[in-house]
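Annotated features in TrEMBL:
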| type | residues | note |
| --- | --- | --- |
| TRANSMEM | 20-38 | transmembrane segment |
| TRANSMEM | 58-82 | transmembrane segment |
| TRANSMEM | 102-130 | transmembrane segment |
| TRANSMEM | 150-171 | transmembrane segment |
| TRANSMEM | 191-212 | transmembrane segment |
| TRANSMEM | 293-321 | transmembrane segment |
| TRANSMEM | 341-373 | transmembrane segment |
| TRANSMEM | 385-405 | transmembrane segment |
| TRANSMEM | 425-448 | transmembrane segment |
Amino acid sequence: MEEDDVTIREQNFHSQVREYIICFLLFAVLYIVSYCIITRYKRKTDDQEDEDAIVNRISLYLCTFTLAMSGGAVLLLPFSIISNEILLSFPKNYYIQWLNGSLIHGLWNLVSLFSNLCLFVLMPFAYFFLESEGFAGSKKGIKSRVLETFVMLFLLGLLILGIVWVASALIDNDAASMESLYDLWEFYLPYLYSCISLMGGLLLLMCTPVGLSRMFTVMGQLLVKPTILEDLDEQIYCVTLQEEALQRRLNESISHSHSQGSAHRLNKELDIVRDQRNKLERRKKASAWEKNLLYPIVMLILLTGTTISVLLVALNILYLLVDETAMPKGSEDRGLGNTSLSTFGLVQAVVDIILMFYLMVSSVVGFYSLRVFEGLTPRKDDTTMTTIIGCCVSILVLSSALPVMSRTLGITRFDLLGDFGRFNWLGNFYIVLSYNLLFAVVTTLCLVRKFTSAVREELLKALGLDKLQLSNSPTDPESGKLSANGHQKTL
């Protein structure tokens, strides 16, 4: 009997060690990838080991950790879904015994824990530490900046605590609910994270439809469009003449010592013309299959993915109206590898995973396309640490809400595990139904507006209303693009 107990304890010990090693390896890979991404966009500084350099390096490490947690949150549902299908296909395989429910639950709990840590502690610390200079009258140095940062964090925590108390008193003025706020770990932080998750879900609801329509424009800029009834040689010749004329005007402006504003404006125009010439030359050098085959295929894939997403949301709305189990919080907690959550098995699981990644990429594209967040757009080798902190916080909020949004919209039927399934608003039928309806309606309107923009331009031009610029959108750079001869291009 004692030998059996020792054997069970040894098995549990080895299982825990194995889970820790797997989690560490996954985190190490995510951290390395995140570090490469941030250093690609971070503004280059001198290699002097001064105080500011040390502060920047510490903030860089914290931002890298936060971005790695964002990647982990994005991969939670795909990894769980594919693990469930693998265990269903190979239930007795010795080489996948490490893939079990304990590991998956542990990953969900770790991502939830460290997402809270990054959002409420590490990112505010990185920002305040970067902006701190030490208290007046104190000795300058790292210690004084750390002290000022901790004081600012303490004041920020008191402010957030007071806001939550006031909100709780306004929404639910109950003695039991007020007393539960004394429990910092079991109630206060999960309640606060639930509010942040709801805000992230609303941010996704605002960014994803915009991103789904903007993806066509972005891919159109990255790929080479088909050449139909266009003379690229003539366009390149016209742009070259325009570039030479601007270069002569710039040289005359510099030689005659004109105003700096005029020279700066000419430099901007010259950069735009050169960029346009490079794009035309790239289109000319592109192969026939890249121009005539790759572009239509990619556009068709984007349209198919968007259509499937909208159809799945529409079906989920019907399920919500007729079946209570369609609610994210009403689903049962199935064991991993017991039943398939996909009607068509592995094929549907792969489609669900692709749609999740597509929605995440679209939400990021839509986020940076919104006029409010344009200032956070990272630029290669020219992004300040303050902007990087803002980008990391935004991506963390979006990625943490992605599993919740995917389950709420019915993109997948996999249950939310850990603290992700304990959000209070997930059990509200009206919130979930309104979320689905808004997503379907707003996405459809964005797509209709996107694909009818050329028709609206022509109608306005035919009615003589094109000078009013009623259809030009600041978020769509292609609506006001000029051709080589200076006229506006339309379909």
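For all residues, glycine too, the Cβ spot is worked out from N, Cα and C.
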Taking a Cβ cut-off under 8 Å, which residues six or more beyond the ends of the transmembrane segment (20-38) line up next to it in the same chain?
60, 63-65, 67-72, 98, 103, 106-107, 110, 388
Under an 8 Å Cβ to Cβ limit, what residues of the same chain, 6 or more beyond the ends of the transmembrane segment (341-373), are close to it?
74, 77-78, 81-82, 84-85, 89, 203-204, 206-212, 214-215, 218, 305, 308-309, 312, 334, 394-395, 398-399, 402, 405-406, 411-414, 474-475
Is the transmembrane segment (385-405) close to the transmembrane segment (102-130), in the sense of at least 3 CB pairs under 8 angstroms with a sequence gap of 6 or more?
yes
Same-chain residues at least 6 beyond the ends of the transmembrane segment (58-82) whose Cβ lies under 8 Å from its Cβ atoms:
26-27, 30-31, 33-35, 37-39, 42, 104, 107-108, 110-111, 114-115, 118, 122-123, 125-126, 129-130, 336, 341-342, 349, 352-353, 356-357, 360, 385, 388-389, 392-393, 395-396, 398-400, 402-403, 406-407, 412, 414, 417, 420
Given a Cβ distance threshold of under 8 angstroms, which distant residues of the chain, six or more beyond its ends, lie next to the transmembrane segment (191-212)?
112, 115-116, 119-120, 160, 164, 181, 306, 309, 359, 361-367, 369-370, 397-398, 400-402, 404-405, 408, 419-420, 422-425, 435, 438-439, 442-443, 445-447, 475
Residues of the same chain, at least six outside the transmembrane segment (385-405), with any C-beta under 8 angstroms of its C-beta?
38, 41-43, 56, 59-60, 63, 66-67, 69-71, 73-74, 76-77, 115, 118-119, 123, 126-127, 130-131, 196-197, 199-201, 203-205, 207-208, 328, 356, 359-360, 363-364, 367, 373, 375-376, 378, 411, 416, 420, 423, 426
